[in-house]
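Engineer: Structure incoming, see below.
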């Protein structure tokens, strides 16, 4: 086993080189000259080995050092061992960097590594999507040149990273940005897309504002009549009018609460098993009678129903969807309108539609009709007691049945609401 180079080994090597000179000097004479020749030869041999080592280090691409003898053997072997250890460390470091990058790529956030001055030296794939960075083209670019937002520049300039920065991009995307210094003069920037969270927060605020607005009117009416009753005794027609109005407002609040509970129940419902057999034709007969009562013969109702077409699904949700579409057509069309309700089988599945020849809906209202509390004709909705929740209930109910609500309308010609249940949900007649 080789050992490290020592003074004893060097001295022994010098002594062995001088032995021939001592022997020759003892027999021939001129000992100093022989010793000088031996030392010179030893120096030449060391110089030759030094040149070989230099060639291997700077020119030769071989991983194995040149063979050595004498005192050069442990030195060259030690260099070889050191090189192998460095190679192993580089391999481990490369594997560690690869695992780090793989982990960073799987993060649900955009990650950017920069210098303290903002020069980018790495980013993950999500950063390229969210921040529109190009890697490796943007390597070395200052991030302030790529994200040109004054609030972002001020955030980096102030260097107070105790709180995240909420940044709104030009495409209306909301980002939450955090910056963490993690080594000397290097920063780790993490950007999270919180657009959906902001939308949900906005929807929550709008929801409570709309609920408060919807309840304020009937409560104000009730409070007014109660104060009137407290101050004076109402008799005859005035009393009947007050009671009728309070009853209407109470029913309006009750209807609103019921629809809110229905919508909440449908939204929170887990995935449906789709095993319940639903007799839609019988359901439509009940809806037709109720719609005729609601219409009071002001509109013409025409029902075209395939009496053999039954489906699988959730009966309560499907009833909510069908009844809301039919009642909306009655409530939101003027007298004399013809309303056609159809339940037919098609090659793609079971198609339900409600079509009228009423005034139609303006195009700008159609994408918003299924939003909670949205009402295209607010004046008419107030007259009919509409809450703006019916189509939201329909949308979620048909979505649970792997379908979607389609709305087609032309101003002055009429409107058509429909949804198509997939073929696999059609019940067999022998079931």
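Just so you know, glycine gets a Cβ as well, placed from its N, Cα and C.
This is the feature table in Swiss-Prot:
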{"type": "TOPO_DOM", "residues": "1-13", "note": "topological domain 'Cytoplasmic'"}
{"type": "TRANSMEM", "residues": "14-34", "note": "transmembrane segment"}
{"type": "TOPO_DOM", "residues": "35-38", "note": "topological domain 'Periplasmic'"}
{"type": "TRANSMEM", "residues": "39-59", "note": "transmembrane segment"}
{"type": "TOPO_DOM", "residues": "60-431", "note": "topological domain 'Cytoplasmic'"}
{"type": "DOMAIN", "residues": "98-166", "note": "domain 'PAS'"}
{"type": "DOMAIN", "residues": "210-425", "note": "domain 'Histidine kinase'"}
{"type": "MOD_RES", "residues": "213", "note": "phosphohistidine"}
Engineer: For the topological domain 'Cytoplasmic' (60-431), what is the mean per-residue pLDDT, to the nearest integer?
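Structural biologist: Mean pLDDT, the topological domain 'Cytoplasmic' (60-431): 82.
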Engineer: So how many of the residues in the domain 'PAS' (98-166) end up helix, strand or coil by DSSP?
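Structural biologist: Looking at the domain 'PAS' (98-166) with DSSP, the answer is 27 helix, 14 strand, 28 coil.
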Engineer: Run through the topological domain 'Periplasmic' (35-38) and tell me, per DSSP, how many residues are helix, strand and coil.
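Structural biologist: So the counts come to 4 helix, 0 strand, 0 coil.
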